[in-house]
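Just below is one structure, and these are the notes that go with it.
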4 protein chains.
Amino acid sequence: MARTINEKYRQEKRNNIIQVAISLFPVNGFSQTTISMIAKKAGMSTSTVLLYFPSKEDLFHCAVLESLTELKSLFINIEPETHDPAEQITKMVIQHITALSKRVPYLKLIHYVINQHERFPELTKEIFTVSEEFIEFLSLMIKKGQELEQVEQTDARETAWAYLAYINGISVVITEPEESPFWKGLIRQGIRIVGGNVI
Amino acid sequence: MARTINEKYRQEKRNNIIQVAISLFPVNGFSQTTISMIAKKAGMSTSTVLLYFPSKEDLFHCAVLESLTELKSLFINIEPETHDPAEQITKMVIQHITALSKRVPYLKLIHYVINQHERFPELTKEIFTVSEEFIEFLSLMIKKGQELEQVEQTDARETAWAYLAYINGISVVITEPEESPFWKGLIRQGIRIVGGNVI
Amino acid sequence: MARTINEKYRQEKRNNIIQVAISLFPVNGFSQTTISMIAKKAGMSTSTVLLYFPSKEDLFHCAVLESLTELKSLFINIEPETHDPAEQITKMVIQHITALSKRVPYLKLIHYVINQHERFPELTKEIFTVSEEFIEFLSLMIKKGQELEQVEQTDARETAWAYLAYINGISVVITEPEESPFWKGLIRQGIRIVGGNVI
Amino acid sequence: MARTINEKYRQEKRNNIIQVAISLFPVNGFSQTTISMIAKKAGMSTSTVLLYFPSKEDLFHCAVLESLTELKSLFINIEPETHDPAEQITKMVIQHITALSKRVPYLKLIHYVINQHERFPELTKEIFTVSEEFIEFLSLMIKKGQELEQVEQTDARETAWAYLAYINGISVVITEPEESPFWKGLIRQGIRIVGGNVI
DNA sequence: TATGAATGAGTGTTCATTCAT
DNA sequence: GATGAATGAACACTCATTCAT
């Protein structure tokens, strides 16, 4: 029993460190983010951070993978709720864009890795695997909508890639705060890009 | 006269260093790219690099600005050639996407800066100024097309932002080689996003 | 009574740690031998090792002293068995060289200390005290042999030092395995050096 | 020409560092000898030491090899001078023991390596190669002396090993200062061990 | 008694930058 | 103008040691 409690405690602390890492790495980059910065923000000593992660590189890996699974869970959702594809797509886009505006550091960290993919080959591979999954998931939704003629008739996969690019591009190009009306427009455009809003 | 020749020589050497910097910084990031790496690839000593640029940071700044003006010249082109807006837009998208596939390091460097905008505030500002110029330029083109009913009727600025996001997102998400048929599809989608291809 | 049992248990555990320490310190040196290495090999946690020894330095001291008394008991033996000095000397040399080939780590640890005597002054002093005892003991044996003209006529103390040097030098210079015929030759030479074998 | 001068300057500086290293490593051991200690004693900064040697380990290697060649030149001398083997042997022993008393750190460094041979396998190998050479050289001298019946009749190689052990053992066991009359005795014994002084 | 958690002190190493030539 | 030599500042990482349980 004691072990369980301890284990839980360790996991929490570990997670705490990862969250801090996710918030710092994308802001300063890998090299400029020192372990002591992370430690300070997490309220512990440098040594303690290295007690939970064998090296800075390892912590970085964990932070990236954590971000990736978090994003995956936000972007690839299968809960149908509605059986109307058009409505499904609209909801999905809203959820994506909302997620975007709220999880900036996660996506920034992912972009940091992709941007320097030669330096982080395995992580990049992992990321692209998730991208493919997303494309798969999205094409399917688009096809369903197309069959019901609720969605513009295009090559579904091609459109899916375009939408993925759009989504990622937003977080590169847009710096508006969460509350800005700008985001409404981005949702409208997102729906247009997946081919919704026909009629 | 001698001074002129010297000046020219210096400018060439300076430019040489910048080009090397542009090729290295985005691959490894700022910190992992050492001055000596740049010097070696440029065929000179570390000291010489620092003779032309007061500091590593300064060289980085210059490399980014150089990339930015290069991209600006490729993305904001006013040469009309055709007076048909629809054709103009099609040509523009083709040029953009082609430029993308060929100037990867330039855009990667720009993204690197945006990604860590807190670390490079002035550079980011500079970049966003160019973005605004691009939006201005693009909205105008879209509006012209819309007036002639050759282009989908949307909020022109909103669409312009969507297209900008799309363009930038491509270079984040796509890793296909230049020759891949993939790029054809991306062009198709690009035209669709600006609102072209309306019957 | 319970205390006695406890005491015994503690002594055993303590001894266990020392034996492990003796096996590790000379192989890696003081600094490269971490407490956790010792703990792991002794099947306990780092903290437990430090429960039995106040500090790493202290453990090292104890390991050295333990080695020293062990060696002393092997090298300074007074059990006469034979009253024939020549035979005594022969037997002694055999025992010494045999001990050498079997207690390598003990002597290596001692040599480690002597080699860095400025770093371990008290331990070195302790070791040299034992050396002196050995010289005393040996000179006496040699003198007895010389009186009976069974042993070469030399300055007995001088010869004793030469023999001590020889014995120690062997463990520095020779790496032959225990079974090698080499050791036979070393015994022959040892006897010659103390001055035995005089017809 | 300039290059030659520079090269010379570098070599001198490099050698300076090595000499300091030889004086410090055996006193404190590898780990306890910090680069900054070496730098301070050599009158330069830590960085400068690492400018001449890629790593502490590398400096250690160089220091050991330097010591080894120095010792080799002192111990394996072929200059005959006299054609009388007995005299040659006497002179040799005198030179050896004198060298011993004067180059203490060199031999201590070598012993340090041998003592922890599992940690420094290549260096140890190098050292034992030199040992073999010494045995070869010495056996030959002994054999010559034996043929002229100036030297005790023993197995020459066996005797050579005994002498080598004796020599090395001295520097382990003896701490007398250079001027002590003790060393005279050690020379006498050395000659006796090689088998000289017959009649 | 035994141990896991936490940390501070210490060190090797990197690298931008300065300076003399 | 070009460069090699020198260095200080910074940082990741190790490990003995302390403490609470």
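Using the three backbone atoms N, Cα and C, a Cβ is placed for every residue, glycine included.
Per TrEMBL, the stretch carrying the note DNA-binding region among D:34-53, D:94-113 is D:34-53.
Per-residue pLDDT, averaged along the DNA-binding region (D:34-53), amounts to 97 for this model. Packing against the DNA-binding region (D:34-53) from elsewhere in the chain are residues 10, 13-14, 16-17, 20-21, 23-24, 28, 59, 62: each is 6 or more residues past its ends and has a CB under 8 Å from a CB in it. The DSSP breakdown of the DNA-binding region (D:34-53), given as helix, strand and coil counts, is 15 helix, 0 strand, 5 coil.
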